Amino acid sequence: MELGKTKSVHIVGVGGAGMSAIAELLLKSGFRVTGSDLSSGEVTEKLAEHGAIIYKGHRAEQVAGSDVVVYSSAIRAEDNIELIAAEKAGIPVIKRDEMLGELMRYTYGICIAGTHGKTTTTAMIATMLIESDESPTVMIGGISDYLKGSTVVGEGKYMVIEADEYDRAFLKLTPTIAVVNSLESEHMDTYGTLDELKEAFVAFANKVPFYGRVICCVDWPEIRKIMPKMNRLCTTFGIDEPADVMAFDIVLDNQHTTFSIKAFGQEYRDVSLQVPGRHNVLNALAAFSTGLELGILPERLIAGLGRYSGMRRRFQVKYDNGHGLMVVDDYAHHPTEVKATVRAAKSGWRDSRIVAVFQPHLFSRTREFAHEYGWALSHADMVYVADIYPAREKGVDYPGVDGELIADAVRKAGGKHVEFVADMQNLFTALKEWSVNGNMLLFMGAGDITHLATRVANFCREGVAVQGNEDSQSGFAAS
């Protein structure tokens, strides 16, 4: 892969999921990569192992010698000292999505978009193509167990990209196949209204060339509404609504899911996934539909889906003692994702008490969706709400908005056992008492709640967890 005379790329915010994937792809393609981030961890350490030079913190001198500087939408360009220094030095400064568009230019692009499920669907498609010997290039905004990372540099013609709608980033991509996996209100700080978000998805779909294909999930009402505006060939998929590709005979059993597919009049049985939940059946249908469009034999697609083994922080089991005590970590941060994750836990582990531990992400999202979070979490047997992870926002701009807003919404939705615990140490102390057989401790959120999940899993792994019994902690059975 070549980008003219560009040889050295500096990435601001390199530890982020989407940015680290670009860094990894550039490294594997022979570029010199430097990057900076306010914090270090597993992701930045892995990049360093691949040859990247990683700086902790932002300093002007770190962009010296770079041919281009790349940054994500999460970075405020006017406030970042490295971006300011690059512009003063005449070094081109571009956003992540523009770099992605350049990397895709001469490939057969498969772009997966949607307010939910795009990371998993992208990884499923990647797994299927690799298992079908297509050797794709892949960029995912998360770590795939199968890929052992977020990026693959393949020799084949396909480039599989997770397409992010935040800041309209996906409109810079050039898909030949565009998957629209889901659509509802999200990222209102970018779009302002749901109608504006819908128009962006229409524009994304219409970037497909006349010989390409748009693949749409018709179980989502907002997708059905915008399909008439998509001036391209479409394949539809779903479970509840009539579609070209549909799933039936769905069986959810712990970590495994089985179902059958009817596609364009043909039936395919014994489809098996190593991940739980109806939402993952929809993700698999999106992947299967994509594979059919590429002309891959259905039998190979089904075998590839069976090899998909999950994503880091997508219902990731961090501890399981085999006697009913589990610690699960999930990235769910939108009410619909929280609902799907709790539902997967309740339907797959019917004999377990589900102890949901939720960290809200963003003050604006908490304020906008408090009622919906309450309803989604109320289906768990016990709910702990942590304080809000602010990310790019400041609490002073949102007076009166904290985790108690969601805890109160859970109570109003019928949740009988819910607590707001702002301090992480106090929350850890409370969760130790729940580390008994028969309980699934289900951590959800896009912030640093994952560190608490790891800490609780380590506590359980050290053998401190006690045997559950009729009188243990909760005093009630799983509902």
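The backbone N, Cα and C atoms fix where each Cβ goes, and this holds for glycine too.
As annotated by Swiss-Prot, ATP binding site applies to Gly114, Thr115, His116, Gly117, Lys118, Thr119, Thr120. Thr119 (ATP binding site) carries a helical DSSP state (H, G or I).
Per-site Cβ counts within 10 Å over the binding-site residues His116, Lys118 peak at Lys118. A C-beta separation below 8 Å, combined with a sequence spacing of at least six in one chain, links Gly117 (ATP binding site) to Asn181, Ser182, His279, Leu282, Asn283, Ala286. Counting other Cβ atoms within 10 Å of each Cβ, the lowest count among the binding-site residues Thr115, Thr119 belongs to Thr115. Residue environment of Gly114 (ATP binding site) contains 27 other Cβ atoms, counted within 10 Å of its Cβ in all protein chains.
Within 8 Å of the centroid defined by the CB atoms of Gly114, Thr115, His116, Gly117, Lys118, Thr119, Thr120, the record's ATP site, lie the Cβ atoms of Ile112, Thr121, Asn181, Ser182, Asn283, excluding the listed residues themselves.
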